[in-house]
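One structure follows; several queries about it will come next.
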Amino acid sequence: MKKLFSRPVLIIGFLVTLALVAVALASLVWTPLPPAKMNILHKLQPPLGFGLLGTDQFGRDVASMLMVGAWNSLSTAVLAVALGASAGTAVGVIVAMRRGWLELVTMRFCDIIFAVPPILSAMMLGAFIGSGRLTAVAAIAVFMVPVFARLTLSAARQIWTRDYVMAAIGMGRSKATITLVHILPNISGQIIVQVTIQLGLAILTEAGLSFLGLGMPPPAPTWGRMLADAQTFLGQAPWLALLPGLAIALAVLGFNMLGDGLRDLLDPKSQA
Amino acid sequence: MIAILIRRIASLIITLLVVSLLIFVVMDLLPGDPASVMLGTSASPETLAALQKQLGLDQPLPVRYLAWLAGVFRGDLGQSYTYGVPVAGLMAERLAVTLPLALMAVVMSVGLAIPLGVAAARRRNGVVDHLIGLVSYIGIAVPAFWVGLLLIIAFSTMLGWMPAGGFPGWDAGVFEGLKALVLPAVALALPQAGVLTRVARTAVIEVMGEDFVRTARAKGLSESLAVWRHAVPNALVPVVTMLGMQFTFLIAGAVLVENVFNLPGLGRLAYQALSQRDLIVMQDVVLFFAALVIVVNFLVDLAYLAIDPRLRTAV
């Protein structure tokens, strides 16, 4: 316990992330007001003027919209990272098992996919299948595949040279069994750290996509679109541009700190 | 060295070809035929057939790909559907905004990150180090487009020092052009600087522990000189690497920031092409950005070979 308190980064990251998850989950059962309820009489009210955090140009309650936005943002990020991390990890361990030309080709492919940022792939997808959560999830997930493939490949390659793996090979274990029994458990720490950090990046990307109108369609409130809407009222109601951005930054900060904290905890040698 | 160079260049060319093929095939595989996507649902069958013929959609995929690729090599990127002008000219015009913007952002982020990283490394675990660490943590977490909005609130709406957006064009003078790019460049640079500061700090700490720096100190070189003459140049290698790795994010940030500041750059062009369903423009811009990321990373790799002779044997 004492050891835990000597890690402020981990603790702050954990608490911020916990708060985010709690708010997101709470929004499923309760918000101060229905987030889509318009009240033109009380439009563009400052924080505490009407409701806790004021209202937007249609008189919708900003606090309620931010809460639902937390759920929309978090669920999109979790879905995208879950898909991308599983696919990338599978590619990474399989390539580490086979090596040879497969490794070369996979690495080149990773370079290529990594060269197209999710914003651009979401635009390509959006032109054909329309924008929406599916487009956002697909664009982010595809970008995550090379990230996890590279990580697991290099981590798994190291484990393959260990003595206990050599022993397992000598005992006639199949490569697939060794991967499941020895490789995956030994690289899981690094994967967990990366998942945490990529969740922050996914939230950042989702915000950018919905800012451009490539995320979930209205009336679903998203942090990104709240910022896009706020841009019209920067002079009249600058606070509308402050709060959603603060929410994004806090969420990303939480995941980044949690990830760094976990890395130090799980692998004290690789302190960045 | 020459052999390695030839192999690297060959691999670069293959990678670029695969990128172009991939983008072409993905655009082709996506549900919906480009002509009907571009015309919308209200188009008559005759208009649709005419556009399909104009786009060459009646040809098989390999023929279309090769025709497009041959065009790219000739500098002919096709005709924009909405603007009715060659895409190459359109992109060149927009690049004149995006390129200076990206360069300014890179210079600003490195210019911030190196001194901050060095300051943090020299007072390792002190108050300054922790403060810089906190600031760079926050820098990494804030979206560039939100920083843009905050800058507009502060410097345009409240202080009135800077334009809230738009671009007067380089014809209006270099100073006016640069002035319009300052706030967008800062918005792009701050998140980048957060990442780079952390890399610079780690790199300087590592180099400071090396023998040649200790020797330099033992010779009587002052701490400051030892840092700036020996530690910083060596610390630049990881910083440049990170800059290459971050290039994808710089481009993604530029697309967003150009939209915040209403700048007529390549990112805004891609976004407008999306809303106008101008698929040819989109395809060309995406290819250009992807190729740019790959070439930048290739150059970073080459820079390594030039800096560190040990890498020349290991490919």
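Just so it is clear, glycine is given a Cβ too, placed from its N, Cα and C backbone atoms.
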If TrEMBL is the reference, give me the range from A:9-34, A:191-216 marked as transmembrane segment.
A:191-216
State the non-local partners of the transmembrane segment (A:135-153) in its own chain: residues 6+ outside its ends, Cβ under 8 Å from one of its Cβ atoms.
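Distal contacts: 76-77, 79-81, 83-85, 87-89, 91-93, 95-96, 103, 106-107, 109-111, 113-114, 116-119, 121-122, 125-126, 129, 187, 190-191, 194, 198, 202, 205-206, 209-210, 214-216.
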Which range out of A:74-97, A:109-129, A:237-258 gives the transmembrane segment (A:191-216) the most CB pairs under 8 Å?
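By Cβ pairs under 8 Å, A:74-97 leads among A:74-97, A:109-129, A:237-258.
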Six or more residues beyond either end and a Cβ under 8 Å away: which residues meet both conditions relative to the transmembrane segment (A:237-258)?
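Non-local partners: 9-10, 12-17, 19-20, 44, 46-47, 53-54, 56-57, 62, 66, 69-70, 73-74, 196-197, 199-201, 203-204, 207, 223-224, 226-227, 229-231.
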